[in-house]
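Before any comments, here is the structure.
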Amino acid sequence: MMHRFVMSVIAHCGVGLGIWFFQTLSTVMFAIVSENLGVRFRVDAFRNLLYQDSAYFDNPAHAPGSLITRLAADPPSVKAVVDGRMMQVIYAFSAVVACVTIGFIYCWQVAILGTSLIFFLGFVMCGLAFKITILAVEHMQNDDAGKVAIEIIENVKTIQLLTRTKRFLNSYENESKKRKTTELRKSVFEAINYSITQNFMYYMSCFCFALAIRVINEGDQPVDKTFRSLMAMMLCCEGIILSAQFFPQFVGAKSAAGQMFNLIYRKPQTGDVKTGSQPEIRGNILFENVKFSYPQRPHQPVMKTLQWTALRGQTVAIVGPSGSGKSTCISMLERFYDVTGGALRIDGQDIRTMSLYHLRTQMALVGQEPRLFVGTIRENICLGLKDVPLEKINQALELANANRFLGNLPAGIDTEVGERGGQLSGGQKQRIAIARALVRDPKILLLDEATSALDSESEKAVQEALDRAREGRTCITIAHRLSSIQNSDLIVYIDDGRVQEAGTHNELMHMKGKYFELIKKQDLAI
């Protein structure tokens with residue numbers, strides 16, 4: 001007798017130890033899978049964002065704050081369907097299936113009633129899930145609090161300077177209250193779901209016990225079998241209650257997964273970056289009756305049959321009033337946007353048929369505000385390139401007129417530029433940006449008001465660098481200060497979406513048209 005008792009204890013301990021081991025192992029494995037899924041969601045979504053066209057980011061719904069919030073908040077929400085919570089639901093579901101089976105084996109009448117009640121509960125939960133999902137999506141779409149917070153933090157010095165701290169605080173508070181309203185509406189349905197599932201056992205007990213008593217009184221089933229079926233239904237309720245506590249999180253995971261899949265599978269309007277031909281670029285540019293409207297303002301055309309040509313090796317300056325589409329020309333050359341009418345050709349070929357990756361490797365852009373990244377000057381110049389010889393870097397720096405200030409830096413080209421190039425002056429950053437453009441040896445150089453934000457001394461140094469940079473390549477330049485473009489091979493005056501005047505500086509001055517008036521306004525020598 002004692003031997004059997006000891007063996008029974010050992011067997012139960014062994015079973016308990018086995019359950020402990022496999023539950024621990026399964027929990028760890030679920031955790032690994034969920035973390036890998038979260039990282040993969042975040043990385044895949046971010047990868048696809050990097051290839052989106054500019055029109056996507058122009059949409060207010062895709063503001064940086066909103067996208068950052070999505071990348072930060074949605075992957076952890078999705079993990080609910082693959083971490084320990086899902087394991088608990090799997091255990092509970094297995095218990096429900098087993099208990100229903102046992103119920104039918106011992107007393108099919110009680111089992112049918114219990115199963116019917118379970119299906120009714122499932123129907124109610126699906127209805128609540130649908131409503132909660134709608135509110136969750138609405139919450140995600142209207143969650144502008146993160147976007148407002150990022151905008152405020154990025155411009156906090158300006159806000160403090162303008163003494164408008166309270167105004168922006170109120171703006172953030174209002175957005176947070178909108179979020180609270182949506183959350184409260186969602187919490188009502190979550191509360192209904194919680195109360196129904198938590199009290200379901202009492203409803204089921206009431207109906208099943210009543211039926212069980214009737215079955216026993218009528219002699220349809222023995223007492224022991226009826227109560228076994230009844231207990232199986234009660235255990236089934238416990239499994240449902242255990243699963244239901246994760247129900248709101250699974251609904252949230254479904255909504256978050258939908259948002260993440262939208263980010264991951266969204267196709268850019270400009271197409272795949274590596275699809276298309278890769279011809280040798282010589283640098284002949286033709287805007288052929290180009291029409292264009294920004295996607296957010298489709299009824300306000302920026303270009304109306306715009307036509308102009310830049311030949312290989314020429315420097316073409318684009319001038320005109322603010323908002324006339326000068327910078328848009330450069331954006332279209334880089335294919336941040338595609339034309340809505342006409343064609344933009346390089347060497348006679350429509351750029352939409354070219355590989356976007358190949359096209360951009362043949363161009364370089366120097367903008368008004370140079371974008372430098374955390375790292376050294378060398379790293380910023382060679383960004384995106386592999387194994388660039390020091391000789392080539394020095395040559396680019398010399399052409400960019402950057403050697404003067406580099407000699408005064410203790411670490412030279414290995415000097416850290418700081419966040420957004422904060423350790424360098426505006427003129428120094430601009431010359432680094434020019435060197436970064438030149439080290440790529442582009443066939444087409446794009447200059448978008450590259451000197452407009454500089455003081456006179458820095459402008460002179462940068463302008464000298466730009467004059468050197470233009471040699472031997474097609475250069476498209478936009479300049480606020482017209483003195484910097486008077487030696488251009490061609491000056492194109494754009495207004496109202498069309499070319500109004502085109503020619504050299506002397507030719508346009510003799511015409512005494514709009515360019516002439518623009519020169520007069522800047523008090524330049526006529």
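Backbone N, Cα and C define each Cβ position, glycine as well.
According to TrEMBL:
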{"type": "TRANSMEM", "residues": "6-33", "note": "transmembrane segment"}
{"type": "DOMAIN", "residues": "13-252", "note": "domain 'ABC transmembrane type-1'"}
{"type": "TRANSMEM", "residues": "89-111", "note": "transmembrane segment"}
{"type": "TRANSMEM", "residues": "117-137", "note": "transmembrane segment"}
{"type": "TRANSMEM", "residues": "200-217", "note": "transmembrane segment"}
{"type": "TRANSMEM", "residues": "229-247", "note": "transmembrane segment"}
{"type": "DOMAIN", "residues": "285-521", "note": "domain 'ABC transporter'"}
Non-local residues, at least 6 beyond the ends, that sit with Cβ under 8 Å of the transmembrane segment (117-137): 96, 100, 182, 185-186, 189-190, 192-193, 196-197, 200, 203-204, 207-208, 236, 240, 244, 247-248, 251-252, 254-255, 258-259
Selection from 6-33, 89-111, 200-217, the stretch that has most Cβ pairs under 8 A to the transmembrane segment (229-247): 89-111
Segment-level pLDDT (mean, integer) for the domain 'ABC transporter' (285-521): 83
Other parts of the chain folded back onto the transmembrane segment (89-111), taken as Cβ under 8 Å at six or more residues beyond its ends: 118, 208, 211-212, 215, 220-221, 225-226, 228-230, 232-233, 235-236, 238-240, 242-243, 246, 250
